[in-house]
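Reading through the structure tokens given below for one structure.
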Amino acid sequence: MPYEKELAAAKKAVSLAARLSQEVQKSLLQSDVRSKSDKSPVTAADYGSQAVISHVLERELHPEPLYLVAEENAEDLHKNGAEEFLESITKLVNNALASDDSYANSSLSMDDVRKAIDHGRSQGGSSGRHWILDPVDGTRGFVKGEEYAVALALLVEGKVVLGVMACPKLENHKSSSSGCLFFATVGEGAYVQSLEGDSHPPQKVQVSNIENPEEATFVESSHKPIPIHSSIANKLGIKAPPLRIHSQVKYAALARGDAEIYLRFTLKGYREFIWNHAAGAIITTEAGGVVCDADGNPLDFSRGNHLEHKTGIVVSTKNLMPRLLKAIRESIEEEMLLSETQLKL
């Protein structure tokens, strides 16, 4: 199997990070949620998860240099007043590492943790190898005790070749244990196993085989509804209410056939970060799905930290994609026409 060593390292890293995040979520208080410079929420789990994954990848793949494109950095952890927070993060990191026998004697200092977090400052690109990480994707859901993902992917020469995603709050259909670990390698299919690593072997996942769009289900965020989604659903004749899920867990739900359509249309000028889509995209693609922009072009992860695409992200099955793209084009044209009419009034 290609990238066998990398996949094993990624699964170990993500599993340990998920363990850390679960411990934080169990005892999380609103006072534990901080704001970054861009006003988005961040918790000890975001920093701790990134530190664990950075440390495990560096150790498991030594002597290969680690280039990590990740959401967090340790800038705020160097500021006055951050020492107590950093100390709690360091304790979480060491507890998570100690839960794995091969890391039982691997104790990190506060400075080690900051350095591990700051490995995530790589800019990615079209050459070399870059790991892409969202240490806690869906922090808003995480702080409410709801779904979130720990999402890691490997970019080689500008192409995503491997993805691992922990979904600690997603029900496992094949096991009584909670939590799922999804993984995929290019050309090898997508799989899911229990996050707790029980005796059940990994199961191959496949997207839904529904051919009639009227029978399809949207998967959407738990935030407010987006009007264009309703327009597209009406054109396809979809009657079922959407499945509401936070974060990249939406990709996982679609990959195993829980839903058939995931759309992401953001405000004009917003640029998508690659760590919000890389792992989910390859898992869904390897499960037989299609991930593209609203023009039907594949997503390009080789342009640095951001995706360079024109309009929206569209995820669905091969059966439904042609009719879905047609409905999207018609809905966008109608929206533009309505905007032009309102401007003239």
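Every residue gets a Cβ built from N, Cα and C, even glycine.
Database features, via Swiss-Prot:
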ACT_SITE  Asp46  active site, proton acceptor
BINDING   Glu71, Asp134, Val136  Mg(2+) 1 binding site
BINDING   Glu71  Mg(2+) 3 binding site
BINDING   Asp134, Asp137  Mg(2+) 2 binding site
BINDING   Thr139, Ser247, Lys250, Arg264  adenosine 3',5'-bisphosphate binding site
ACT_SITE  Thr139  active site, proton acceptor
BINDING   Ser247, Lys250, Arg264  AMP binding site
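Most Cβ neighbours within 10 Å, among the binding-site residues Glu71, Asp134, Asp137: Asp134 holds that distinction in the structure as shown.
Note: the CA-CA distance between Ser247 (adenosine 3',5'-bisphosphate binding site) and Asp137 (Mg(2+) 2 binding site) rounds to 6 Å. There are 27 other Cβ atoms within 10 Å of the Cβ belonging to Lys250 (adenosine 3',5'-bisphosphate binding site).
The separation of Asp137 (Mg(2+) 2 binding site) from Arg264 (adenosine 3',5'-bisphosphate binding site), Cα to Cα, is 15 Å. Among the recorded positions Asp46, Glu71, Lys250, the ones whose Cα sits within 10 Å of the Cα of Asp137 (Mg(2+) 2 binding site) are Asp46, Glu71, in sequence order.
Under a cutoff of 8 A between CB atoms, and with a sequence separation of 6+ in the same chain, the neighbours of Asp46 (active site, proton acceptor) are Glu71, Glu72, Pro135, Val136, Thr139.
Residues Ser247, Lys250, Arg264 make up the record's AMP site, and a Cβ search at 8 Å around their centroid adds Gly138, Val219, Ser221, Ile245, His246, Gln248, Val249, Tyr251, Tyr262, Asn276, Gly280 from the same chain. In the three-state DSSP scheme, Ser247 (adenosine 3',5'-bisphosphate binding site) falls into the coil class.
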